Amino acid sequence: MRKSQESDSKNELLWWPLVKVITDKNLEGIQTLTAPAPFADETSCQCQAPHEKLTIAQARLGTPVDRPVRVYADGIFDLFHSGHARALMQAKTLFPNSYLLVGVCSDDLTHKFKGFTVMNETERYEALRHCRYVDEVIRDAPWTLTPEFLEKHKIDFVAHDDIPYSSAGSDDVYKHIKEAGMFVPTQRTEGISTSDIITRIVRDYDVYARRNLQRGYTAKELNVSFINEKKYRFQNQVDKMKEKVKNVEEKSKEFVYKVEEKSHDLIQKWEEKSREFIGNFLELFGPDGAWKQMFQERSGRMLQAFSPRQSPNSSPTRGRSPSRSPSPPWVFNKASPPSSPKAASASLSSMSEGDEDEKRTSCELNRWMGRSVRNIWGISDSREHALGEDAENRLEHSK
């Protein structure tokens, strides 16, 4: 329990200066975010308390509200970028209660000691004024800081990266500031700088020249020769054609993809229908298909219809040899002629009885064939009955 209280008290000591600054400078922060930072020559020093020299340790512990730590940062700030903003953010947050002054060198001084700039001094001043971390902007700042300049603006500390900055005949223009204990280092942001941005523009000069020509700038404004202007415009036309071809290729690829999808669907449906058709065909005409069974049934019925059945055992027919056709009863055998008139009379009587048996058998056969034809072709029972009656009438008439 005691250890947790000690850790809480330590965290409170660490966070209290920051909370105090946020609370005390709330109104000032709102004013900074809603309006640009003022210029130093248009306002007086806002430090109302006696300006006593501070050490870094004292400044980090915190100062009264009316005695902020005045931190100074200077530079060219050409093509103001995130690296500049991060350096100013570090300078602003070095101490709990700080007031950041930013010095910007003029065009004459910059061209003399460093080189030509892309933005002029007015543009660079305005870029700094609209940075949220800046409290005040000093125009036409000196290249080398003098004691008079530090005293005039009541500067407590100078913030800059720790790399020696050799210029104006000196190995390090911040050497005397470091020796006086007024220098506080900040960290550079790797991968971004004004020189890097200019290098990109020079490297891709043709691209940016063509871009600006396409946006309406004249060759004179871009300092481009007549031949280069025509070349750039021709390249712009070629790029447009390439873009159109690329769009057409993408659309054609999309169209081909859709056609392929539809063709796959059609092929899949065709395969399903073909399988269904083949299955139905085999079911109907295959080895065990319905058509074969129906054909066998029809064939069986036809064979039954045209194959006469044997006469019933009860019919009074005479016994005949199956291999010989019966001879008419009136044909007398020459080897055995009738021995007497009585025998001839008996022969004639047996002939008449055989004719009646044949007619009766024919009647039954007609009736059976009628029944078979009805079974095959669907002839009604009334028709069968009519055929049977016709056969009986014929038999009676013959009698």
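Cβ from N, Cα, C; glycine included.
Residues annotated as compositional bias 'Low complexity' in TrEMBL: 311-324 (among others).
According to TrEMBL, the compositional bias 'Low complexity' annotation covers 335-352 (among others).
Sequence annotations record features per position, and here TrEMBL assigns compositional bias 'Basic and acidic residues' to 381-399.
Taken from TrEMBL, the feature domain 'Cytidyltransferase-like' covers 72-200.
If you look up TrEMBL, you'll see 305-365 (among others) marked as region 'Disordered'.
Annotation source TrEMBL lists region 'Disordered' at 379-399 (among others).
Residue counts for the domain 'Cytidyltransferase-like' (72-200) under DSSP, helix first, then strand, then coil, are 45 helix, 26 strand, 58 coil.
For the domain 'Cytidyltransferase-like' (72-200), the mean pLDDT of the prediction comes to 94.
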